[in-house]
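Q: Here it is, the structure in full.
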Amino acid sequence: MTKFIFVTGGVVSSLGKGITSASLGALLEARGLAVTLVKLDPYINVDPGTMSPYQHGEVFVTGDGAETDLDLGHYERFVRMTMSRRNNYTTGRIYENVIAQERRGAYLGNTVQVIPHITDEIKRCICAGADNAQVVLVEIGGTVGDIESLPFLEAIRQMGVELGREQTLFMHLTLIPFIRSAGELKTKPTQHSVKELRSIGIQPDVLVCRLEHPLPESERRKIALFTSVPERAVISAVDVDSIYKIPLELYAQKLDEIVVEQLGLETGPANLTEWQRVIDGLEHPHDEVTITLVGKYVDHREAYKSLSEALIHGGIHTRTRVNITYLDSEEIEAQGIGGLESADAILIPGGFGERGVEGMIIAVQYARENGVPYLGICLGMQVAVIEFARHQAGMKEAHSTEFSEHTPDPVIALITEWRRADGSIERRDEQMGLGGTMRLGNYECELLPGSRAAALYGQERITERHRHRYEFNNDYRELLEGAGLVMAGTSFDGNLVEMVEISHHPWFVACQFHPEFTSTPRDGHPLFNSFIRAAAEHRRRVTLKSSRDS
């Protein structure tokens, strides 16, 4: 019988519901339970695929090609269960489903209303996301009291009534602010948040209180008294320097034990060996490197969430402290390469649109000419190909048709069709809406025997996740290979170039796919592990040269 844990938030947004849910999921998984998570987002967009990175942050792509909330990235980094499109639902998608059913006559002429039709669809989607797991953590986006969240809160209230206390648990996150001028913690916002939740008909079983300092026992008792939550279930969630410490912090307060007891789950003790190993790798580095990330959305770090975490994972698995410097590619265009000179390695991530592209090309040239390790991802591979074509293959006006429609040498162009692993053909054109023109999800890639890519992966066939519209133009393949660009990876049918590298460079690898989506703190990822090692080696070479010169 599947158990459901509903996670809500109050007082303010961005309290860390996703991280808390994922951390509790990790603890329950460590007890031997099959755990999955579902995110319910209250916005009306069908998915975040066409939303601005500045508003929404990263779009996390699942293996089945769904464009989802970045919290699903946290879920996959903390639990072993792979997420899919059934793990993220928005208000827009819920209403789209209901309206489609109404058009088909599924409601037999009844008036379609929020209750019961929308709430029933929400409950159906939650159960669909359960995917035979023993425990499902359901995170409700937004803040209690927001009008947008009301249908979701009503749906989980109904599930609590229908399934009963032995099958459901409600966990509420709140903020306990510290007023520095008074030197006091204030619990009143938490009391009012719980009051608001109870007015909807939901009594929380667990309170997770976000704060800067540990919660004094006197304040814990006060909160328990005014919210009717057991004192031991008032959890203190203190700020930590790494999100990967949170499972151990919650374990120390016996959150998993509280949950297991209420839900009547029979499990063994939590085995946290893997998480202890992660923390050991974080806290006892042997090296230190600075990675310069050259991007378009650097003012909003959430746009590169999986990428920054993947770099940290590489540091954990190579025992290297990773410092990430974010550099706006437009700044390179305006001020030159000064911001690159302290980099032990350079990374250019994905992105869309012409803005800042020339700055990225300058950064690629700097890395190639100065032997600085370079990793290009998605757009980062495309600008690497453009730079190589311009400066190594004599095509001075080479470009992508995304940025220069009439370039004489379109080394990157919109692909109109490709063959899937099942043999089917997928097609698209420039007239399709933005939501339907992407190559999304898992695709197989064949690696060139003897290439750096094959060596670092340790195999010649891999599966990685994609999110792009433009691709390497095969009309230029022979010419660029002749100039020294290695086509290190291709789609399984050989038609699409998925990876390129430069063999005579210390470490220059670029890929069309997004390896950051499959990197985890416990397992790392071969590309990022190798990239961090290369950065550390480059740092040692530069340090040795400087000492000799002095």
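Residue numbering: from 1, along the chain as shown.
Cβ coordinates are placed from backbone N, Cα and C, and glycine is handled just like the others.
Residues annotated as region 'Amidoligase domain' in Swiss-Prot, with sequence analysis given as evidence: 1-265. Swiss-Prot lists D71, E139 with the feature Mg(2+) binding site. What Swiss-Prot records for 290-541 is domain 'Glutamine amidotransferase type-1'. Marked as active site, nucleophile by Swiss-Prot on the basis of sequence analysis: C378.
Where in this structure would I find these features, and how exposed are they?
A: When pLDDT is averaged over the region 'Amidoligase domain' (1-265), the result is 95.
Sequence-distant neighbours of E139 (Mg(2+) binding site): residues of the same chain at least 6 apart with a C-beta under 8 Å from its C-beta are V7, K17, G18, S21, L37, V38, K39, L40, D71. Following the DSSP three-state reduction, the secondary structure of E139 (Mg(2+) binding site) is strand.
Mapped onto three states, the DSSP output places C378 (active site, nucleophile) in coil. Summarising the environment of C378 (active site, nucleophile), the number of other Cβ atoms within 10 Å of its Cβ, over all protein chains shown, is 22.
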Q: Have a look around D71 (Mg(2+) binding site) and count the other CB atoms within 10 A of its CB, chains all included.
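A: For D71 (Mg(2+) binding site), the count of other Cβ atoms within 10 Å is 26.
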